[in-house]
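S.K.: Sharing a structure here in structure tokens format.
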Amino acid sequence: MSHKIKIYDTCIGCTQCVRACPTDVLEMIPWQGCKAKQIASAPRTEDCVGCKRCESACPTDFLSVRVYLGSETTRSMGLAY
């Protein structure tokens, strides 16, 4: 089942979410916006099973990676920007 995955620019490039994902949905791509010069990307969202292990692994104060299940959206989660 596919789920919407959003990577926020608070990503510090630590790779914790990539290593936590049991279905290899996430990968790191080059990005100049952080010290690590890489950011998480979700090119294979169709493989996401919604376990949210990536969220649990994220060490930032505000989760840099979010998985929205079914009808959840940033608005329904109270995270609208």
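Quick reminder: no glycine exception, Cβ is built from N, Cα and C everywhere.
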S.K.: Determine which of Cys14, Cys21 appears in Swiss-Prot for the same [4Fe-4S] cluster 2 site as Cys48, Cys51, Cys54.
M.R.: Cys21
S.K.: Do any residues, 6 or more residues outside the domain '4Fe-4S ferredoxin-type 2' (39-68), come within under 8 Å Cβ-to-Cβ of it, and if so which ones?
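M.R.: Long-range Cβ neighbours of the domain '4Fe-4S ferredoxin-type 2' (39-68): 1-29, 31, 33, 74, 77, 79.
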S.K.: If we check Cα distances from Cys58 ([4Fe-4S] cluster 1 binding site), which of the binding-site residues Cys21, Cys48, Cys51 wins as closest?
M.R.: Cys21
S.K.: Restricting to the same chain and to residues at least six past its boundaries, which positions have a Cβ under 8 Å from a Cβ of the domain '4Fe-4S ferredoxin-type 1' (2-31)?
M.R.: 37-51, 53-60, 62-70, 72-74
